[in-house]
Structures are given as structure tokens and as C-alpha cells.
Amino acid sequence: MDSGTSSTSQSTQIRTSKCHSFFQKCNWRTLRHVIIEDWSLTACLGIIMAFLSFTMDLCIEYIEDWHDELLSLSKNVPSATSLVTFITWTSYTLLFVITSTVFVRFVAPQAIGSGIPEMKAIISGTTILKEYLSLKTMIAKCVGMTLSLGSGLPIGKEGPFVHVASTVAVCLSKLTFGWSKNHFPQEVRYTEVLATACAVGVACTFSAPVGGVLFSIEVTSAYFAKSNYWRGFFAATCCAGVLRLLRVQLPSKDDFLVAFYQTHYPPDSVTPEQLPAFALLGLVCGLAGALFISCHRNFVLSLKNNKFTKRVNEKSFIIIPVGVTFLIAALTFPLGYGKYIVGHLKHRDALAHFFHKCTWSVSDESHPLKCGAKLLHNWTADGTVSIFVTLSLFVVAFFLLTILCNAIPIPAGQFMPVFVIGAAFGRLIGELMVTAYHEDGSNQAHMHIVPGVYSVVCAAAFCGAVTHTVSVSVIVIELTGQNVFILPVLIAVLIANAVCSYFQPSIYESISKIKGLQQLPPLPATSSKLHDIQAKQIMVHNVKFITRSTTYRQLKEMVSNSIDIEVFPIVNDPDSKILIGSVTRSTLREIWSDQVIASMTEQQLKQSKKRKRSKTWSKISPASSNESTSIHTSQSLPKLSKSSLIDSSSFPKGGEDFSAQRYVKHFVQSLSLSHWKRGSSHKQFEWELSEERLDQPIHLDEQRIDSTPFQLVAQTSLFKMHSLFCLLGLSRAFVTDCGRLRGVVALKEIKSVIENGVSPVTSVPPSRKVTIATITASIRKSSIKTGNQRKEPAASKWSDRRVSVVPELDETGIINNATEITPSSL
């Protein structure tokens, strides 16, 4: 009995020790990372985006309903004429578009446009957009998108929702990044969070979690980490699930889970004989997609470079948006030309009509696929024209109006309008095929042709051609709930994608080139000369480095004169140059500010001692107390530089005490990137350190430096460098020889070699000292208007962590991200 009890106690102890060792391994940091930073953060992202999407859709639906009600009221007024109805229709659209334009421009111009090209540049690590992922940008994007979509413009919301989801993800991640003591893994975490956010942004638009994840990977990532898969699917599933639960609460929605555009086609709708027709449809959609991208790019560029539009925008930025909006509202007026293009129908209602299983061209009332009278009434202009006329006019009109909407500086996407245009074109082709087979008397073939299937296939093919994605086929299957048609959809999408990519880049790549977003181009496989280029041929040799013996005086000169360098390498000594790490510019500013605090603290201690002495002497000699106090106070103040940015009136008067932290805060703000960008090197250090501290070596904390910077050998080929930079999201790599620093290679050098086919200059002259005269000359030069000529970035920008682009509005009111390039951080 005792032996049994002892064996039981021993087994219990063993299990207890195993559990104790397990919980020791799973410490709080690991649990916090898994539970809070991964699962909870990802779930919160999906839930928040679901509520945002639902709220915005509800507001957009109310605004559109008010528009229809206002039109009905104006028509029912006995004394109202067609002119009054026209003014009512156009004024309503103008009101919301102008409000959206003004709100976005003055709150956050970064909210203009789609958002997918910018997110692709940020995730790839080549570009950082200033305040692009800030809270005010998200508010401007949401408000502007709601007003713009509610006005009835042919724009989409998928791209803007990707931007909104990324902003929400960054705001949530800041809550967890502050807990981590190591600052360098945050860059990897940012990439993971942004990749997840892009998937959520697509998923919450159509409630398509699988297609959303795949689409976001195709349009935003050149390489995608497998470890991010579960985050994307988990967040997209949370978003789609919550969105369905919210939509069920609406009285007009179904109480069960169905697709957004649920279709019920006959099982024999597609036969093998129709596959060549779908392949031919993919070819036509590919050519049409290339035409759309070409027209879009030429229109935007002509609008930016046109002298007339420049003069108009100089007078007021609102003139062109008002003119374009009035033209679109006039063309969609239901009592005018709009009745021939079904201008009163919303995009989702028109898309539901296109995907309907009935056949519009069938006039036989006994036919099982005969459409209802209400649907035909909309697409025959009250029975005055044929459906072929309205469908043809609809395709042409919205093809042009979608391009025309790019002249309005508002949040707008490209996916939904392109999808609707493709669906309308497919419906037209399907109805023509039904009519052709019906006239030939092929009743059996006529029964197998369903125009709705052609509409679904063409919508996916045209959208896939414009965006250069294959995952659109998955989104279409999730939208319609018809997974049996995956084969014809894939055939058409693959052919359309191949044809369009041969003639034009994708719409997102085209927008990136227009905006000047920095992206690493693909390496041509046919050029053997590029593959022979090595790192030593393109690297920059003049590398400014920091050693452990670098003094604060040398640090001040280096940071002041190297305004374009964001990351400095650290070597052991100037002779051997053994690379031991790297440090960012922001960290060096923190090191300097810490010394300023220490210096000011010492002076405050001296000041307090002198005050005690002055009080002692004031008891002996009261008459001289004021004089001694003023002398001691003046001596206690830190020494200001000659060009201090803080006005002298802001300092305390007399013997009043002041806070060192408050002045250090002003000091750090004065060292912001805007001051570094303008080249004001003589204003970068407001508080001067004492001579003793200036000659002391800097203190580099191990936690503040990156002890494992990415390194390349001098013989690394361009092919390997390109693969590493794309795969790892690098912005620079130090070239070493047996650990000795020899140079640095950045994205700029690789991009220059690939685009120009020649090696750039391998050495960079030392940066000349910035003087007041050069600053004044540069300011005067920048104030002169030179059209669209932009200042080229200096060749010394080899060490920028990433190229930071500050979005601005050019003369045409279109956002231009290439006007100001400064080093920055996310």
C-alpha cells in the first residue's frame, strides 16, 4: 500500500514539475505576444473594420435614398418643370462632392485616391508617406468616401478600405509596440500588420474572406510570408462574420447566410461547347482592359500638364471638381440622357440585374427565363429603345465617366466601377448570343445560353485584366455563390490577364508611376549584362561612420552636415573599420537630447546652490540682493546657439525657475524632419553643451543600436541583391570584406542600374557644409514656379532608411507624392 502511494506521489511530482517547466517556458512575454499582439489584435482589426464598413454602407444607402426621394418630390410638384428637377438632381450631387473635396483637402490630402498603390510601396519598404497612416487621414478617408459614394459617382471603395484598414491596424499596433523594449523588430511587425490589414480591407467590401486575402497578396506584395497567412484569413473571417451578423439586423436583408449577389443559374447553363466563347471573351476583355489603363493614364497626365487646368486651379481648386461633377450628374439625370444609361439605378442594383438568371431579349411570355416587366422597364427606357442600345450606351458612358472621376480629388477606388463595366459588357454579349441562336432556330443551344453567366465571367475577366490579378475569380465565386463556374471564369481571367499585361501595366502600377512612388522594378531575365554586375560596382564608397570613440562634437558636425543620411554604420575604429552595428538618426537625436538634459540638470543644481548663497548674502547685504540674483540667474541659463529657434522671450524672467523637460521637448521638436529637410543645419542644436561634454565620447547603449545590420560581400551579384531586397523588404545593405566596412548599397542604386542599364557613380563627393547663403538661395529658387519640373534627389541619399514622400496637391488638384522627398520613419 505504501509503495503504491509513493509511486503515485512520484508521478504527481513529475507531472507537477513538467507543468512548472512548461509555464516557465511560456512566460508572460510569450503569452502577451501570442494572445494580445497576435490573436486579439487581429480579431479587433476585423471587428472594427466590420463596424466601419457597416456604418458607412448604412450612411451611403441613406444618402442615396434621400437623393431618390428628393427627385420624386420635385417631379410630383405641380408647378415644377424639367429644369427644376434637373437643378435639384445636380445640386444634390454637387453638394456632397464639394463637401467631400473640401473636407479631404483641408483635413488630410493623403486621403485622396485609392490607397492600394501607396500601401504596396509602404509594404515593399521603398516609400514612407508622411502622415499617410495617421488617425486624421483615416477620418478624412471615411468621411470623404461616404459623401462621394452617396452622391452617386461611379467610384469604388475597395482601395480606400484597404487604406482605412491599414490605418486602423497601425493605430492598434501602437498600443502593443510600446510594451516591447527592443525597437528593431517593430519594422517586421509593421509589415505583418499591414499585410493583414490589406486582406481585411478587401474582405469587408464584399464579405469575401478567401478572395480578399488572395487579392491583397497579389496587389500589395511581391513576396508573401507564409506565416502571415493565418493572420489574414483570421482577420478576414472575423470581419466577414461580424459584417454578416450586422447585416442580418437590417429589415430588408435575409435572415440566413447568402452571397452578396446570390445567383440561381440552371445546372446546364455552361456546356463544354461554350468554353471557346469564354476564351474569346477573355481576349476581348484583355484588350479592353489595356485600353482602359492607357486612357486613364493619358487623361491624368494631360490634366496635370495642361496649361489651362493649371490656370484654373491657381484661381480655385474647387472649379474643376465642380465642373466634372456637374457633367457626371447631368449625364446621369434620369429624365434626360440618364434614362438611356439607367442613371437612377445604384451600382449594386445594376450589378444584380446583370447577374440575374433571366434573359432580357426573350419576348415569349411562356418562356421559363422571361424577365419581369419592372426590370425590362429600366433597361428599355420606358419601352422606347432596345436593351442592346441601353447596354451599349451604359458600357461606353461608364467607361468614360469612371476615367473622368479621377479629376476629382476625393477618396475613390477603381475595382467596383471596372467590375460593373465588365458585367454590363458580358450581359450585352450574352444577350447577343441568345438572339443569334434563337434566330437560327437552335432551341437546344438557346436553352443552354444564360446571359447572366457571361456577365459573371466578363466581370471577372475585365477586372482581372485591369488589376492584373487572378484572385478576382475567387471573389466572383464568393459574390455569386456559384462555384461550379470556376473553370470558365479562370479561363477568361487568365487569358485577359496575359493579354493586358503584354500591353500595359496594372492600374495600380500605372497610378504608382503617375504619383512617383518608389518601387523596385523587376529584373529582366533576358539581360545577361545586368546579371554580371556585382555589389562592388554599384556601392557607394564614401560612407560616414561612427565609432565608440566619436565625441559629441564630431557627432554634431556629422549629423548637421549629413542631412540626407538616416542610418549610420558603427565600426570599432577608423583604421580597421570592423562593422559592429548601425544606429538611426532618431537614436542619435535621443542621445544628444539625453546629454542636454544631463547638462541642464547640472546647471540647475549649480543654480540652486547659488540661490542658497544669494539668500545668505542677502541677509548680510539686502541692497545688493537684486543685483546678485540677476547675475546668478543669467549664469544658470544654458548657453544658446547663435541661431536658436526658440525665441528669447519664451525664457523665464528674473529668478523664476523653469522645467528642463519642457525645453528639451521644444529642442526635440526643432530637430524634426521638416527642419532637417529644409537644410537648416545651423538650427539643429539649440542647446549647446559645455566644452567638457563636447569632447567626451558618445555613449551608445546596446539596446539602441542594431547589432546585426544586413551585410553583403563585394562579389554579390545584382540578381542576388534584387532577390534579397524584394524578399526581405530591405532598404539598404552594408558591403563588407571580412567584416570590414567597404561601402553601402541602397534601393536607389539597384533601381538605377535596372532602369538605366549602367552602373551609377561609385563614389559620392562629401556633402558640402550648409550655410545661410545656400539656404536662402534654395528658398528663393523653390519659390519660383517652374511648371512640373521637380528637384532630383541628391546622389548622397544612399543611406536613407526609406524614401519618404510627403503628399502634396499639384496645380491640377491631383495628389502628387513625388514633390518632396525626405528621410523619415514609419
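Easy rule for this one: first residue shown is 1, then count along the chain.
Note: Cβ is positioned from N, Cα and C throughout, glycine not excepted.
Copied over from TrEMBL, here are the features:
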TRANSMEM  39-63  transmembrane segment
TRANSMEM  83-108  transmembrane segment
TRANSMEM  193-217  transmembrane segment
TRANSMEM  275-295  transmembrane segment
TRANSMEM  316-337  transmembrane segment
TRANSMEM  385-408  transmembrane segment
TRANSMEM  415-434  transmembrane segment
TRANSMEM  454-477  transmembrane segment
TRANSMEM  484-504  transmembrane segment
DOMAIN    535-590  domain 'CBS'
REGION    603-636  region 'Disordered'
COMPBIAS  607-616  compositional bias 'Basic residues'
COMPBIAS  622-633  compositional bias 'Polar residues'
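If you look at the transmembrane segment (484-504), the same-chain residues 6 or more away from its ends with a CB under 8 A from one of its CBs are 265, 267, 269-270, 274-275, 278-279, 281-283, 285-287, 289-290, 293-294, 453, 456-458, 460-462, 464-466, 468-470, 472-473, 476-477, 510. Remote same-chain residues near the transmembrane segment (193-217) are listed as 41-42, 45-46, 49-50, 52-53, 116, 119, 122-123, 157-158, 161-166, 168-170, 172-173, 224-225, 228-229, 231-233, 235-237, 239-240, 243-244, 260, 415, 469, 471-472, 474-479 (criterion: CB distance under 8 Å, separation of at least six residues from the stretch ends).
When the stretches 39-63, 316-337, 385-408, 415-434 are ranked by Cβ pairs under 8 Å to the transmembrane segment (275-295), first place goes to 415-434. Beyond its flanks by at least six residues, the transmembrane segment (385-408) meets 97, 101, 148, 153-155, 292, 295-296, 299-300, 303, 320-321, 324-325, 327-328, 331, 340-342, 350, 360-361, 376, 379, 414, 417-418, 420-421, 424-425, 427-428, 431-432, 812-814 of its own chain at Cβ-Cβ distances under 8 Å.
In the domain 'CBS' (535-590), the DSSP tally of helix, strand and coil residues is 20 helix, 16 strand, 20 coil.
Sequence-distant neighbours of the transmembrane segment (39-63) (same chain, 6+ residues past either end, Cβ-Cβ under 8 Å): 96, 142, 145-147, 149-151, 157, 161, 164-165, 168-169, 172-173, 176, 193, 196-197, 200-201, 204-205, 231, 234-243, 246-247.
Sequence-distant contacts of the transmembrane segment (415-434) (same chain, at least 6 residues past either end, Cβ-Cβ under 8 Å): 154-159, 205, 277, 281, 285, 288, 292, 347, 350-351, 354-355, 359-362, 387-388, 391-392, 394-395, 398-399, 402, 405, 446, 449-463, 466-467, 507.
Regional average pLDDT for the domain 'CBS' (535-590) in the model is 82.
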